[in-house]
Amino acid sequence: MGKIQIEDIIIANQTLKDVVVHTPLQKNQVLSERYECNVYLKREDMQVVRSFKIRGAFHQISSIPKEELNNGVVCASAGNHAQGVAYSCHTLQIPGKIFMPTTTPRQKVDQVKFFGKEYVEVILTGDTFDDSFNEAKEYGIKHKMTFIHPFDQEKIVAGQGTVGMEIMNDIDDNIDYLFCSIGGGGLISGVGTYIKSISPRTKVIGCEPAGAPAMKESLKQGKVIELEKIDKFVDGAAVKKVGEIPFEICQKILEDIVLVPEGKICTTILNLYNQDAIVAEPAGAMPIAALDFFKDEIKGKTVVCVLSGGNNDIGRMQEMRERSLIYEGLQHYFIIQFPQRAGALKEFILDVLGPDDDITRFEYTKKNNKSNGPVLIGIELKCDEDYHRLMDRLNKKGFEYREINKNESLFNLLI
């Protein structure tokens, strides 16, 4: 399986058994009925720091010789890795410097400080993760501190692999499919290594954000490549460049990689919360969102999805609902030229909107000395089939309009 062997993961499990939570593997009735198969969720959202990252961080730090830790450790992260390192520093009583982008939400910064207590200092620097990463590495070299990589160190990968060991110990059935998210690749390479060693017939499916397909593109080109730009919405898995170690392992263990649209992930997050009271972060929900793209293959099979984390900022829920509605074809935005006369809005509501259509946004400024004025309007539909009926009525009434959903530049500017 490359650089990481099953024995490395067994050793990691011995290191971690009294530190991390052996998280539950739960059969999900809703998903099992929907896809006509047995779907199990590995609940890493119930881990100590609400994500799997504690496993690799603690195993890596605890394996470093004591004399090399005199000056402490340093890392860069915008979230879960930082919390894992902070918790490890506090538990092992090792000083740590954690570099985070200046754009990191205060809630995440506060969580890192909470887990690290007096052993950790958070340094906010740079506008992006890459900026923070480079500064952290330079700082570590200058101050002779040990750098803890989020995904590209062997002990990190072995630590994440203990998720797979727990899955195999807990499940009674043979696993046909394993769905796991890919960011830098540390989790899937560790989990996949263990599971493929025990169950070679299991198909390991990697799940990447459609807006950040770093592993898929690297595998396509046969080498690790760096993407020029990415959609950062799935913050736990949106990386420009995967790790060299995970890449080598993924070349051997992956059956397929599915690119999951961000809007589909948002729909899944909302469904998990509404149906099962599960709070999943975008990267954690991604493997579950991917099931839709394999619904024919997995029918009648045993499927495991690794729900990798639950550190979801509640302030993002409105944005997630919006992205979900747009992806499902239920939310549409237009700029419509309205006649500047009394009764025009009433006509629009009566003649254009359907009985179940709802106006969710309406912005209008009257233009003097003009017969028409632009209106920014948002319309939410009850079902996606209503869209064509809405457009038919809009065209029959002769309104001049532009669909913002179909214009990326306008959408990013106005919505």
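Any Cβ shown, glycine's included, is placed from N, Cα and C.
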Looking at pyridoxal 5'-phosphate binding as recorded in Swiss-Prot, which candidate out of S32, S132, S308 goes with N80, G183, G184, G185, G186, L187?
S308
DSSP-assigned states of the domain 'ACT-like' (332-406) in counts, ordered helix, strand, coil:
22 helix, 28 strand, 25 coil
Tell me, if you would, which residue among G184, G185, G186 (binding-site residues) has the fewest other CB atoms within 10 Å in the structure shown?
G184
Taking just the CA atoms, what is the gap between G184 (pyridoxal 5'-phosphate binding site) and K53 (N6-(pyridoxal phosphate)lysine) in Å?
12
Take every residue in the domain 'ACT-like' (332-406), average their pLDDT values, and give the whole-number result.
90
